[in-house]
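Per TrEMBL, the feature transmembrane segment maps to 12-32, 44-66, 73-91, 97-118.
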Amino acid sequence: MNNVTTDDKPRWLVVIAMYTAFGGVLCLVFGVPSILFDLFSLDVVMVNWVVLAIGILTLVGAYGLWKLHKWGCYLTIAIYIVSILLSLLAMSLDGSVANLMLQLVGIFFALLILIYLFGKETRALFH
């Protein structure tokens with residue numbers, strides 16, 4: 001068990017955990033209503049089930065990252081790798097300038113997070 005307090009955690013790790021948790025909450029906020037209230041067609045509802053699952057996994061990853069669990073770090077890394085792949089897919093499906101810019105910003109942040117999580121000092125925090 002790692003007894004590192006919030007004050008002892010590196011600032012960027014705290015920021016990444018909070019950013020990741022915020023992303024998970026957004027997935028839940030956008031995924032749940034269409035499932036509960038049958039607002040869209042079946043294919044959109046199925047996509048929202050996937051969004052809901054991603055949101056739950058993202059929140060679990062953020063919790064693991066916050067608690068400095070090794071599995072939390074691994075799950076968060078996997079989430080951001082999948083995020084990059086989904087952004088590349090979104091770029092190929094919608095070539096509008098707005099979408100390209102949005103996806104590139106997302107890829108940029110995901111890469112920064114991955115670089116930080118793969119850093120030697122960061123990896124040493126997780127047990």
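Backbone N, Cα and C define each Cβ position, glycine as well.
TrEMBL annotations: computationally assigned, not manually curated.
Taking every recorded stretch in 12-32, 73-91, 97-118 and counting its Cβ pairs under 8 Å to the transmembrane segment (44-66), the highest total belongs to 12-32. Residues 6, 48-49, 51-52, 54-59, 61-63, 65-66, 76, 79, 109, 113, 116-117, 122, 125 of the same chain lie 6 or more positions beyond the ends of the transmembrane segment (12-32) yet place their CB under 8 Å from a CB of it.
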